[in-house]
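Enquirer: Supplied in structure tokens, the structure appears directly below.
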Amino acid sequence: MPRRSPADPAAALAPRRTTLPGGLRVVTEFLPAVHSASVGVWVGVGSRDEGATVAGAAHFLEHLLFKSTPTRSAVDIAQAMDAVGGELNAFTAKEHTCYYAHVLGSDLPLAVDLVADVVLNGRCAADDVEVERDVVLEEIAMRDDDPEDALADMFLAALFGDHPVGRPVIGSAQSVSVMTRAQLQSFHLRRYTPERMVVAAAGNVDHDGLVALVREHFGSRLVRGRRPVAPRKGTGRVNGSPRLTLVSRDAEQTHVSLGIRTPGRGWEHRWALSVLHTALGGGLSSRLFQEVRETRGLAYSVYSALDLFADSGALSVYAACLPERFADVMRVTADVLESVARDGITEAECGIAKGSLRGGLVLGLEDSSSRMSRLGRSELNYGKHRSIEHTLRQIEQVTVEEVNAVARHLLSRRYGAAVLGPHGSKRSLPQQLRAMVG
């Protein structure tokens, strides 16, 4: 798709947005220095939109749609992308699903054709359902065998309980084993509606040309479906208290995740929370990394994580250590968390954390794929584009006083925790951990 020479070069570099009939949005960002183009169809539906009886449906469907369409087999789809040296893939998260392609700019029409065909026309054929069911069950088994992956799911379940955010994106072996073709087809029909979809592209792309391609390949699907958009599952307050979960497993290491519930991504102190997370365990100079690993050598892997959803979130700490060092790791971790809750972080720590966030943000947007992802996520989450400059200003405006107020507010909350390792009972776990969970 050749680009027209713009009268205003600065305007040509600004992201553009078009809303088509039915609510489907097209957002693009032209990057003059690249030859590639990345395009993704972002659907505002994820694992939290599933009922308990179809847990894992969003992820199962994502797999299934690639198996065949009325005009292409799975091999046809793969060969078409391989023939141009591109990448075609998808992923499912708690609140969205994305189908994307990365190609040369000249091959963008093919990429849009393939992605649209998969998203709109995937057949969910009976034979395909059974084959892909086995693939997903293997993926679940592989995830269960990875302590870090398994623990991540265990932790969110311990923190959020029966709330949909607490369920694994991938579902369970039990739910996937009994899921029917009819349930998957219904999920596709009711959830993959144009008002939930964003087509995002970045790189060597022309906005008007992409809009024309979307009109061509989405066609009649651009109008609203006959059924109303199903409401999001699990919005609002999380019921129940965080808890402690233990999976006893014969392993060389003990793996632990513990953390607290936080407000969602729309919280006014969202960036102060990110600074707090970074100062706690987001880098090599963070409190936890320095105290647990560098000073005492108690663990190789120790870090914090921050997961933010529409209406809730989780700030967590992960560590893996020899079982005989578990009590010491928990003692030091508890001391760090209590110290930060009581005394806060220093001005210097705040400055380092802000610099880390700024640098990570900019360095993470050096290619068309990451730019496309930012466009799609921003449109789904906020209904508009949030520029990098806007985010950098938000980070810069964070003060150490705001961070420490957030720490006092959140770190005194009741913790949820998950432990995986060679421990026979919860009573055998370190007292510091049991005290934090309450």
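Backbone N, Cα and C define each Cβ position, glycine as well.
I grabbed these lines from Swiss-Prot:
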| type | residues | note |
| --- | --- | --- |
| BINDING | H59, H63, E139 | Zn(2+) binding site |
| ACT_SITE | E62 | active site, proton acceptor |
Enquirer: If you run the three-state DSSP split on H59 (Zn(2+) binding site), which class comes out?
Expert: helix
Enquirer: Output the one of E62, E139 that, of all these recorded positions, has the highest number of other Cβ atoms within 10 Å of its Cβ.
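Expert: Answer by Cβ density within 10 Å: E62.
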Enquirer: Hey, of the binding-site residues listed (H59, H63), which one tops the CB count within 10 A?
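Expert: Top count of Cβ atoms within 10 Å goes to H59.
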Enquirer: Relative to the mean position of the Cβ atoms of H59, H63, E139, the recorded Zn(2+) site, which additional same-chain residues have Cβ within 8 Å?
Expert: G56, F60, E62, T92, E132, V135, V136, I170
Enquirer: To the nearest whole angstrom, what is the C-alpha distance linking E62 (active site, proton acceptor) and E139 (Zn(2+) binding site)?
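Expert: Between the alpha carbons of E62 (active site, proton acceptor) and E139 (Zn(2+) binding site) there are 13 Å.
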